[in-house]
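S.K.: Dumping the structure here so I can ask a few things about it.
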Amino acid sequence: MGAVNQSSSQPAAFLLLGLAGLEDLHTWLSLPFCLTYIAGLLGNLILLFVVAREQSLHRPMYLLLAMLAVADLVLSSSTVPKALSVFWSLSKEISFHSCLTQMFFTHLSFIAELTILLAMAFDRYVAICNPLRYAAVFTHAVIAKIGLAAIARSFCVMFPTIFLLKRLPYCGHSVMPHTYCEHMGIARLACADISVNIWYGFATTLLSPGVDVVLIGASYVLILRAVFRLSSKDAQRKAVGTCSSHACVILMFYTPAFFSFFTHRFGRNVPHHVHILLANLYVLLPPMLNPIIYTVTNRLLREKVSQVL
């Protein structure tokens with residue numbers, strides 16, 4: 001292939017195959033991909049516009065929702081346009097450095113979203129378990145620091161992967177059976193030992209999403225314990241309703257992401273196209289469903305969105 005520079009250990013470009021073995025379905029698969037992506041773009045942009053426009057929504061919970069919307073936009077826009085280009089056979093090539101850039105921003109926004117979801121779980125914990133201290137704990141300055149911490153944490157986790165991938169020789173291997181570039185998908189094309197990449201990916205997964213899951217779970221155990229201590233049934237229903245949307249978003253985001261991670265490393269008998277579909281699921285569904293779930297379950301946000309529309 002002309003795009004490959006045989007004189008270098010790094011290919012000039014990779015060729016993305018999409019769902020290898022299901023090429024006949026690419027056109028049909030592009031329809032739900034495209035519609036889901038457009039719905040996610042519109043939903044998150046509307047959410048951002050409404051939060052920015054309405055002074056009454058300049059509160060911690062809604063500011064965290066706005067951060068989540070930004071992370072969703074970066075996550076889906078880093079991957080879906082190129083996937084659609086592959087499905088429609090417009091351009092299947094992606095340069096080596098563009099591939100690393102796509103990988104970096106995809107994983108960066110993913111980790112940032114995990115951090116924001118953790119902050120939102122803590123927000124609900126303080127609001128329900130210690131409401132008198134809520135205004136003192138979640139100030140605008142603290143929200144700004146959470147946003148910066150999400151970016152800094154994501155950057156620190158992902159920046160080393162660029163050098164871990166650039167150090168590898170690829171011996172002309174440039175065909176990637178995927179719709180977008182991800183860390184282990186690139187590493188597996190190398191003609192050298194990738195143990196460092198595997199263990200780094202495994203360690204960062206345990207220390208980032210893994211720790212986040214434990215902390216979010218602990219928050220919800222404390223929240224449920226506080227809810228069941230409330231004497232008023234109406235107050236219990238209100239508290240559970242406040243947390244249910246967040247719990248749904250967490251499950252929807254973590255489930256396909258963890259399935260994708262573990263099938264990529266341990267699921268040797270899982271068909272490759274199943275892994276690719278799972279990898280696309282967590283960059284497609286959460287960005288589309290997050291604004292819908294939060295708008296439907298939050299009365300104030302629903303009213304403000306209705307006014308704008």
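Any Cβ shown, glycine's included, is placed from N, Cα and C.
A TrEMBL annotation is a machine prediction, not a hand-curated record.
Pasting the relevant annotations from TrEMBL:
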- 43-294: domain 'G-protein coupled receptors family 1 profile' (DOMAIN)
- 28-50: transmembrane segment (TRANSMEM)
- 62-84: transmembrane segment (TRANSMEM)
- 104-122: transmembrane segment (TRANSMEM)
- 134-160: transmembrane segment (TRANSMEM)
- 206-228: transmembrane segment (TRANSMEM)
- 240-262: transmembrane segment (TRANSMEM)
- 274-296: transmembrane segment (TRANSMEM)
S.K.: Is the transmembrane segment (134-160) packed against any residues at least 6 beyond its ends, judged by a Cβ distance under 8 Å, and which are they?
M.R.: 58, 60, 63-64, 67, 71, 104, 107-112, 115-116, 119, 123, 126-127, 200, 204, 208
S.K.: Give me the mean pLDDT over the domain 'G-protein coupled receptors family 1 profile' (43-294), rounded to a whole number.
M.R.: 85
